[in-house]
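Asker: Before we start, here is the structure in question, set down as structure tokens.
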Protein chains: 2
Amino acid sequence: MGEIGKNITAYRYGDEIMVVDGGLAFPKAHQMGVDLIVPRIDYLLEHADKIRGWILTHGHEDHIGGLPYILPRLPRVPVYGAALTLGLVREKLSEFGLKDGEIDLREVQMGDVVKLGTHFSAEFIRMTHSIPDNAGYILTTPVGQVLHTGDFKLDEHPSDGLTSDLARIEQAGKEGVLLLISDSTNAERPGRTASERDIAENLEEVIKNCRGRVFLTTFASQVHRIQNLLNIAHRQGRRVVMEGRSMLKYAQVAQATGHMQAPEPFLTSDDVGELQDQQLLFVCTGSQGQPMAVLGRLAFGNHAKIALRRGDTVILSSNPIPGNEDAVNLIINRLYELGVDVIYPPAYRVHASGHGSQEELATVLNLARPKYFLPWHGEPRHQINHAKLAQTLPRPPKRTLIAKNGDIVTLGQDEFRVSGTVPAGGVYVDGLGVGDVGDDVLLDRVNMSQEGILIMNAVLHPTPHVEVVTRGFVRPNRELDHQIRRVALESIEQGLREKKRLEDVRDDMYGAVRRFVRKATGRNPVLIPMIVD
Amino acid sequence: MGEIGKNITAYRYGDEIMVVDGGLAFPKAHQMGVDLIVPRIDYLLEHADKIRGWILTHGHEDHIGGLPYILPRLPRVPVYGAALTLGLVREKLSEFGLKDGEIDLREVQMGDVVKLGTHFSAEFIRMTHSIPDNAGYILTTPVGQVLHTGDFKLDEHPSDGLTSDLARIEQAGKEGVLLLISDSTNAERPGRTASERDIAENLEEVIKNCRGRVFLTTFASQVHRIQNLLNIAHRQGRRVVMEGRSMLKYAQVAQATGHMQAPEPFLTSDDVGELQDQQLLFVCTGSQGQPMAVLGRLAFGNHAKIALRRGDTVILSSNPIPGNEDAVNLIINRLYELGVDVIYPPAYRVHASGHGSQEELATVLNLARPKYFLPWHGEPRHQINHAKLAQTLPRPPKRTLIAKNGDIVTLGQDEFRVSGTVPAGGVYVDGLGVGDVGDDVLLDRVNMSQEGILIMNAVLHPTPHVEVVTRGFVRPNRELDHQIRRVALESIEQGLREKKRLEDVRDDMYGAVRRFVRKATGRNPVLIPMIVD
């Protein structure tokens, strides 16, 4: 709620809890050095004995990426999901050294109904998205039906031909939907989101006109698009080279679960020797500008085996996720400088969002006719525009809530309100640490990044002297160093003459140096005063 | 060249140099803590005696913001510019404590020809842009005519009615333009950039429908737009409150030079007491998400005098500059949470770029018919797309160069090539320091921001012991501290036993702690080993 990332939702009735998804979020710019963020689960830990089961909507990181941090801390309960979703979860759990049986994964088909405890049953309903085997669900509860769309767009032409189950949504609407929880990501975009087929057509047109090698990057989880690409490559006589660890991983899982069919085996960059440039299509990681991913290494000339050259075409079949704009822009500029042709949106329509725009959101609202409405999967701007959109429809919901992370929403036949909160927010994962970096640590990082650090090491015996070390402050500068040492020393000598306590001597030195540095340089480095007696 | 920011261009013929503009650039994310960046002027310092004069195209920071750092270091020569441009330069110089006579500012009218030394004469030609009094110039040189567009769009409806002097460009084209230097900012955008009149019409429509107070933010230098707003407010019975230091500064200079006419005096937030909500229009700084600017303080509830409330409308008549997307998004979300109506592009067309799109760029290329072409004011992606655009036209240039900062371009009647380089790049301004923060210092900042810092202070007498201090590493953690101290101490004791030199003891401690920390935490904090003998 209120963000796009680290999705997790718990439903409770009486003494039973069921949970949906367990995602991760990527850090924002001010969360410096953090690798990723997983949701706090204090509430689930406290009520662990009540958890009856778990359902997973789809295999994206913001829905399953937190599971290795969450599931091992809770009792073993059934975890339901579709084949591709579970395939990706298995891969993830094994990376974390969790053995197969430790988590009770249970595969479902779309349309299956699973019972979670005595109060809940969830029916998986197919919704199209940028990854196959994507589900929403209808939750039957003692107070009524909840329809949760999951992430979705209404793609009428997904690569697997399996469209969203609107008929089931309409039926639920007729039976009565007490609450609709729906994807708000693109609630500010008018119209409809383009179909994967449109994107495939545009990609085919672009690739048809390429005379040299083609390098394409997209999200590794974009199985629909990559399937379409495999077909395009086959039709145009190009062999596909998969480049990048996650690209290979997703392709492997998707092939194993039957969601990807390669007309010809993939090549590696080692066995392309015989082929002409126009017989090659490289599918690469790095769509978000990561310097160490394949596209990043190609752009910066750091790839061990491949060097881009004039005549190559690079297609970015992706948009930068907010926060990655600068990194992607840098890569694009590098590619231009290398003299390759660079193809990317919006000049070329080679990417579409996985989330529905206003008309699609309206379709679901119109079919479901919910009594209550909870705009979900969006920042406040998206949630509120989704709520406004609902009010423009023929049968607007009776009540809409804009909820925040941690809100307890109480739902009854005639009740829909925020009735309290539970601890929420993120746990930072940094290196091997989970939760040992907090906002206090991040604040130090931000301060050091802006102003640097200045360490004063004062030694009192035999005669007082001060050593000054800085990092990220200013270029080595003898005169300034000398002045800082002098200011620190004068402060210490005065304190010793006045027989102050060592702590006070240290605080005085801190204050004197802070004032001096601010005046002399206009800056406020993080100061570390140390005194050795 | 190759960037948008810190514009400066020098022309040399024989022993004479003339210079155009002297701008600044804003730091990118990895240039942490840097306030602003000004161009290196090594070449001008080395050849200071040859400089004959300076011309200024317009009053934006990326064209004049570096002057207080540049002009005082060079001989006093005439600096030519239009009234508004010089008004803003004067304001800037006085902020830096430079007295009026120290810089030889000379006001020109559009169409004026100024002589710079014996070889150059420059004719100022009016070009529309997002600030009035904006100029390109035709430079007559011993080898031929150079037409430099300056920043421009072809706005047929600027607020002052003064359109671009296309007739003069056409005439120059007929006489013969040896080299065209043209604005590449929007070379990737098809069509034409919207006129300020379109934006004013859309703003008027939005404001007409507001029942409460209206707060609008835009760039303070957007004099055309603010003039249109003053007229709109007057027609709709709203008084204008100017909020924010730079908003007031630009309005004052623009009024003094006759580029802004306020139908009614501006109010301050202190004297609005009598007026109804629907009689107020606040024009605020903060369009780039700066937390301390007016809109930032309003959004975060930190404004001393004004609190936003339901019924208010906030209009962002602006787009985030690349790099500011997150900051602006945060403000927009906060505004939604406050329950105010928030209006911003692209859902509302309340902002237009100041730079021409492809059709406008093509118009100038078609009229000027240059022999040689230098796409300028853009990153490589913009320069190269501008070059490609030129090739699609009926009379493409004979040769186009994609130049970089610092390139020496040699121009003759039959010559156009990069013939060398001069030192180029940026000088970082941080606090009171100019140039004392370099890339080495920034690298330390980046490293500390990612991993934090760990200081080991080893004292050898009477018995060796080690103190450990960290910032931005992990939450205080006794067990880890203890282990680090132990590892450091063991390393020291071994070194002392082996009678190693102190430097080697320190290096050993550094290495031992680095290996231990990496293994124990998966991280690489910046390590500072200190030894007190």
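Every residue gets a Cβ built from N, Cα and C, even glycine.
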Asker: Which one, A:Asp35, A:Asp104, A:Asp112, A:Asp151, is listed by TrEMBL in the same Zn(2+) site as A:His58, A:His60, A:Asp62, A:His63, A:His129, A:His377?
Answerer: A:Asp151
Asker: Since TrEMBL lists A:Gly33, A:Asp35 for Ca(2+), which candidate among A:Asp407, A:Asp414, A:Asp430, A:Asp436 does it give for that site as well?
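Answerer: The one candidate that TrEMBL places in that Ca(2+) site: A:Asp430.
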Asker: Rank the binding-site residues A:Asp35, A:Asp151 by the number of other Cβ atoms within 10 Å of each Cβ and report the first-ranked residue.
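Answerer: The largest 10 Å Cβ neighbour count belongs to A:Asp151.
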Asker: Could you check which of the recorded positions A:Asp183, A:Ala352, A:Ser353, A:Gly354 is the closest Cα neighbour of A:His377 (Zn(2+) binding site)?
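Answerer: Smallest Cα separation from A:His377 (Zn(2+) binding site) among A:Asp183, A:Ala352, A:Ser353, A:Gly354: A:Asp183.
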Asker: Sort A:Asp62 (Zn(2+) binding site) into helix, strand or coil using the DSSP assignment.
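Answerer: The residue in question, A:Asp62 (Zn(2+) binding site), is helix (DSSP, three-state).
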Asker: For A:His58 (Zn(2+) binding site), identify the closest of the recorded positions A:Gly33, A:Asp183, A:Ala352, judging by Cα separation.
Answerer: A:Asp183
Asker: Could you give the Cα-Cα distance between A:Gly354 (substrate binding site) and A:His129 (Zn(2+) binding site), in whole Å?
Answerer: 5
Asker: Of these recorded positions, A:Gly33, A:Asp183, A:Asp430, which are close to chain B by the rule of a Cβ under 8 Å away?
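Answerer: Correct list, in sequence order: A:Gly33, A:Asp430.
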Asker: At the level of the C-alpha atoms, what whole-angstrom distance separates A:Asp183 (active site, proton donor) and A:Asp151 (Zn(2+) binding site)?
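Answerer: Cα of A:Asp183 (active site, proton donor) to Cα of A:Asp151 (Zn(2+) binding site) measures 6 Å after rounding.
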Asker: Name them in sequence order: residues not among A:His351, A:Ala352, A:Ser353, A:Gly354, A:His355 whose Cβ is within 8 Å of the mean position of the Cβ atoms defining the substrate site.
Answerer: A:Ser130, A:Lys153, A:Asn186, A:Thr193, A:Ala194, A:Asn319
Asker: Starting from the Cβ of A:Asp62 (Zn(2+) binding site), draw a 10 Å sphere and report how many other Cβ atoms land inside it.
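Answerer: There are 19 such Cβ atoms around A:Asp62 (Zn(2+) binding site).
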Asker: Sorry to bug you, but what's the C-alpha spacing from A:His355 (active site, proton acceptor) to A:His129 (Zn(2+) binding site), rounded to the closest Å?
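Answerer: A Cα-Cα distance of 7 Å.
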Asker: Using Cβ atoms only, which residues of the same chain lie under 8 Å from A:Gly33 (Ca(2+) binding site) while being at least 6 residues apart in sequence?
Answerer: A:Asp430, A:Val437, A:Leu442, A:Arg445
Asker: Under DSSP, is A:His129 (Zn(2+) binding site) part of a helix or a strand, or is it coil?
Answerer: coil
